[in-house]
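For reference, the structure discussed in these notes is given below.
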Amino acid sequence: MVKEKDKPKNEIIIETENLNLFYTDFKALNEINIKILKNSITALIGPSGCGKSTFLRTLNRMNDLVEGIKIEGNVIYEGKNIYSNNFDILELRRKIGMVFQTPNPFLMSIYDNISYGPKIHGTKDKKKLDEIVEQSLKKSALWDEVKDKLNTNALSLSGGQQQRLCIARTLAIEPNVILMDEPTSALDPISTGKIEELIINLKESYTIIIVTHNMQQAGRISDRTAFFLNGCIEEESPTDELFFNPKNTKTEEYISGKFG
């Protein structure tokens, strides 16, 4: 059972200002302006190809890895523009972590999957690493299931366990924000329920932005929802308002299933 959502704080942690993104000559994002509240869950919904995953990747500069990308506008994280020339991209990706659609554990043990990030960032003490591994797995609701087999290959876990492992791996490097790109689309309903409950619990300590095609999921877990269409945000508001009293005709048509 997914617990009731708590109200988020009113502190802004991420804000985009007139954000545009081009793939060569194609404009994939058009004048995106949105404020993300600290310790909130924001859902990004919309039809395939609408720009929601592209937008998600602008928030920790994952789109930098794609050839031919051009960005205009600002993404302000904790008061600083992440696209400024002197911004530390590695530190950005530590503070704004990413969980992908398909679970992608490393081909190594459960323990090494979690300790890998902290080691890369300079943690060498075995006792400290043990503590990070345990706490990260507890936060991701996986510890009780794997504590007696930490040296087992991570690929031996079920799909749902692998996704929670990937979340634990993200938590191990102490992010402030967690980006999730359809994290349950490849999972069965029971595993999906566990991930949703985990996401709501994580909101107490982290800010979460999730892309989902599942509007029921957005309604269950998110505080605010942004509806994307053709590279634009058509509407963004508290989730209950957007689903039950949309202000935009296109939003109403989408959530009622008239297109998608």
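Just so it is clear, glycine is given a Cβ too, placed from its N, Cα and C backbone atoms.
Features as listed in Swiss-Prot:
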DOMAIN    14-255  domain 'ABC transporter'
BINDING   Gly46, Pro47, Ser48, Gly49, Cys50, Gly51, Lys52, Ser53  ATP binding site
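One residue stands out among the binding-site residues Ser48, Ser53 for having the most other Cβ atoms within 10 Å of its Cβ: Ser53. DSSP assigns Ser53 (ATP binding site) to a helical segment in the three-state reduction. Comparing local CB density within 10 A for the binding-site residues Gly46, Pro47, Gly51, the maximum falls on Gly46. Residue density at Cys50 (ATP binding site): 23 other Cβ atoms are found within 10 A of its Cβ, drawing on all protein chains shown.
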